[in-house]
Amino acid sequence: MGCDGRVSELLRRNLQPTLTYWSVFFSFGLCIAFLGPTLLDLRCQTHSSLPQISWVFFSQQLCLLLGSALGGVFKRTLAQSLWALFTSTLVISLVFAVIPFCHDVKVLASVIALAGLAMGCIDTVANMQLVRIYQKDSAFFLQVLHFFVGLGALLSPLIADPFLSEANCFPANNTANATSRSHGSRVLSQHHAAAQPWINQTIPRLPPKEVTENHVSYAFWIMALINLPVPLAVLFLLSKERLLTCAQRKPLLLSADELALETRPAEKEDTSSLAPKFQPHSGQEDLFSCCQRKNFRGAPCSFFAIHITAALVLFMTDGMMGAYSAFVYSYAVEKPLSIGHKSAGYLPSLFWGFITLGRFISIPVSSRMRPATMVFINVVGVVVTFLMLLIFSYNVIFLFVGTASLGLFLSSTFPSMLAYTEDILQYKGCATTVLVTGAGIGEMVLQMLVGLIFQAQGSYSFLVCGVIFGCLAFIFYILLLFFHRIHPELSSVLTQDKALGVENPECYQR
């Protein structure tokens, strides 16, 4: 009860900034889940093949990674953080509004890349602001933060579903030339008196444009409007902190940073919260600053191994989450399942719905179960679910059941891993950036890889990839447990020294 009372008091003192950071991740969730169910409509809009449209996923995840790495530049002060969040959330609304006007896959990839930069900035800055405020009590608030990601990702496919086209303007899983020729013949037979052969990427633009403007465009514009209150909330927080005027910014930044430290209770066992005062840059470095050699002086080998294996686990799990959300719709509408487009459109919503449910469940569970145990259950559950999906690959009902199960197990992996590594290494910004970057690389690479394999080998390879990635995640997690066991317990010594006002220059930064 004492712990719960302390957390409640921390939340009461920081209610508005906490709610703002949670709402910012709602924008992140909206933007991360809309591509999957709208994939075929965007293919029609841009007249592209599956490998070509996969570059849109790649551009989003690549720029999300770059945004995550560069987000450290904007988290040095409260003003920079809030202005970065305001700009990023506003950009997401603008991207939603512009997507219907992108009729070339390269233009669409560029616009989605801009959204990826905004998402990456949100990912790093919002995570770090919550860790900065709540520090050792941040696990609970990180779970809620990622619950809002799931909430936005659940809403996005639900908004898109009524506007999805029931007809597929591309035949499933053919070569690019055959696809283009068949599509051109069918479209011309509907809209023109005669047909003519078409080479790759020379399909007439009018029919797909009409379909997109009359249907999917409305979904994107609705999402743009739904997202608008989020940048307004950030702007209101800027106003409350009196950071809207340049003249008042500098003195009030110190006040805001001191307020974040004052929210920590004065108990003796929590003196580790004073660490930022003794290491002023450790919680405020970007990815490039983290890689400097001086930050690792005196670090044991297990320190690097824990970073690498934890990042690899998130590489696999976040990559699987992104790939499954992106391609489960395309998998369902192809043989052998051949589910109708409207019914298949519910699969991404179901997936993100159970991710949201799992993150909601993990909020109270995280206060009673160790993060390491939660990650173990999640990874094992993912492997078992993919194996069952592979065994019952011809069963439509089990595809829906497996999708729900997969969302449940993947839901809390990222925040639990973040909390677990914090327990091991006393994470403060630098290591958080490493984990966020690893997860971003996974989403970028695995989505692109699955798209290429899906096109080359057929729909069955989609589940085979899931089994392989799940097994690799389990192997990397076992290695993480091993390196945790052999890692020297330096954190307690460092905490005691700092409680006495003594700095140890030989200790590595965390």
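Cβ coordinates come from backbone N, Cα and C, glycine included.
Pulled from Swiss-Prot:
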| type | residues | note |
| --- | --- | --- |
| TRANSMEM | 19-39 | transmembrane segment |
| TRANSMEM | 53-73 | transmembrane segment |
| TRANSMEM | 82-102 | transmembrane segment |
| TRANSMEM | 107-127 | transmembrane segment |
| TRANSMEM | 139-159 | transmembrane segment |
| TRANSMEM | 218-238 | transmembrane segment |
| TRANSMEM | 303-323 | transmembrane segment |
| TRANSMEM | 345-365 | transmembrane segment |
| TRANSMEM | 380-400 | transmembrane segment |
| TRANSMEM | 401-421 | transmembrane segment |
| TRANSMEM | 434-454 | transmembrane segment |
| TRANSMEM | 462-482 | transmembrane segment |
(request) Flag the pair the transmembrane segment (380-400) / the transmembrane segment (19-39) as in contact if three or more Cβ pairs fall under 8 Å (sequence separation 6 or more). (result) no
(request) With the transmembrane segment (345-365) as the reference, find which of 107-127, 218-238, 401-421 contributes the most Cβ pairs under 8 Å. (result) 401-421
(request) For the transmembrane segment (82-102), find every same-chain residue at least 6 residues outside the stretch whose CB is under 8 Å from a CB in it, and list them. (result) 20-21, 24, 27, 30-31, 34, 45-46, 67, 71, 74-75, 108, 111-112, 114-115, 117-119, 121-122, 125-126, 212-213, 216-217, 220-221, 223-225, 227-228, 230-231, 234-235, 237-238, 241, 243
(message) Under 8 Å for C-beta pairs, could you tell me which stretch among 19-39, 53-73, 107-127, 434-454 has the largest tally with the transmembrane segment (303-323)?
(response) 434-454
(message) Please tell me whether the transmembrane segment (139-159) and the transmembrane segment (53-73) touch - that is, whether there are at least 3 C-beta pairs under 8 Å between them, with each pair 6 or more apart in sequence.
(response) no
(message) Before we move on, state whether the transmembrane segment (434-454) and the transmembrane segment (53-73) share at least 3 Cβ pairs under 8 Å, counting only pairs 6 or more apart in sequence.
(response) yes
(request) Could you name the stretch, out of 19-39, 107-127, 218-238, 462-482, with the greatest number of CB pairs under 8 A to the transmembrane segment (53-73)? (result) 107-127
(message) Do any residues, 6 or more residues outside the transmembrane segment (19-39), come within under 8 Å Cβ-to-Cβ of it, and if so which ones?
(response) 53, 56-57, 60, 85, 88-89, 92, 95-96, 112, 115, 118-119, 122-123, 126, 129-130, 144-146, 148-157, 160-161, 164, 216, 219-220, 223, 226-227, 229-230, 233-234, 236-237, 322, 325-330, 345, 347-349, 352
(request) Would you kindly list the residues that approach the transmembrane segment (462-482) from elsewhere in its chain, counting only those six or more residues past its ends and only Cβ-Cβ distances under 8 Å? (result) 305-306, 309-310, 312-313, 316-317, 319-320, 323-324, 327-328, 331, 372, 375-376, 379-380, 382-383, 386-387, 389-390, 393, 446, 449-450, 453-454
(request) Please indicate, using numbers and ranges, the residues of the same chain that are 6 or more beyond the transmembrane segment (107-127) and have a C-beta under 8 Å from a C-beta there. (result) 21, 24-25, 27-28, 31-32, 35, 42, 45-46, 55-56, 58-72, 74-75, 81, 84-85, 87-89, 91-92, 95, 98-99, 142, 145, 418, 432-433, 436, 440
